[in-house]
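According to TrEMBL, the feature domain '6-phosphogluconate dehydrogenase NADP-binding' maps to 3-157. The feature domain '3-hydroxyisobutyrate dehydrogenase-like NAD-binding' is assigned by TrEMBL to 160-287.
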Amino acid sequence: MIIAFIGLGNMGGGMAANLAKHHAVRAFDLSDSAVAKACDAGCSKAATVAAAVAGADVVVTMLPAGQHVRAVYSDVFDHAAKGTLMIDCSTVDVDSARAVIGQATERGFDMIDAPVSGGVKGAADGTLTFMCGGSEDAFARANPLLDIMGKNVFHAGDAGNGQVAKICNNMLLGIHMIGTCEAFNLADKLGLDAQTFFDISSTASGQNWSMTSYCPAPGPVESAPSNRDYQPGFAAAMMLKDLRLAKEAATTARAATPLGAQAESLYALMEAAGEGGLDFSGIMRLINGRL
Ligand code: NAD
């Protein structure tokens, strides 16, 4: 099978390398160094989108945002052969995902949105989680390739629903991370140490993933970024991107998301303080005044 892979950055580089263990992968990116890295991992260089896509069976994209996805696919549609399957793994706004898949369908292509969670390590290790939106047929065709790049693959429904699942999950994650920081900070200020509060709350009704798997207070969860000076992990700037996508989608859908909006404001403050590169659990430093 010939795969055109467009967007070989932190995530796409690892994903393309895993596909190249099983298929012929043509690599295209605006960055020469990203393409060179992909070629070292077994891909072949394509000089343009057209060269990557011509005669390929599948196109996979992993691009920064909606505007890049819209621009790249307008080129892809002009050069792809009939029957080409298209998989966009980028995290983008729901409207862009639905618009581009709509154009693909009008042109007779199968296409899904398939954003991921699992980070750069998951991309390199082939253990990503995929949240997919699109027709049953397109999803079934994509599944064997998603299995190479990931560990968990979900079909969330029609076009764009992969993006919906991703931003709703990450909005909830941002909210409970901040709530967890507030609770640990208040406990500390009132004289209750982090480990004792963790032991109690992690078996009581305050228990949540931010606490038990990723505790923002140093100490209780050894593998958490809080024990490595909040080095990412999942950067605060990435969380801010996802919270902004959630806010945009909530405005369009006329859904009330007051806590999501508050979380977005707090992560924006963290970025404005020059700390967007810290892990998102580093929001603890904003809450406890140590930023
Ligand atoms: P990145 O910036 O490292 O990579 C994006 C790549 O796309 C770059 O190499 C860039 O040169 C290339 N690119 C941009 N415009 C292009 C164009 N027109 N044609 C060809 N190539 C182009 O970003 P990343 O961290 O790999 O993230 C990619 C996507 O994955 C984003 O949507 C991000 O939100 C999502 N994501 C990232 C993570 C993470 O931990 N990094 C986790 C989950 C999801």
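Glycine is no exception: its Cβ is also placed from the backbone N, Cα and C atoms.
Just so you know, TrEMBL annotations never went through curation; they're auto-generated.
Just so it is clear, the model here is predicted, and its values are computed rather than measured.
Note on the domain '3-hydroxyisobutyrate dehydrogenase-like NAD-binding' (160-287): its mean pLDDT in the predicted model is 97. Across the range of the domain '3-hydroxyisobutyrate dehydrogenase-like NAD-binding' (160-287), the DSSP-based residue counts are 86 helix, 2 strand, 40 coil.
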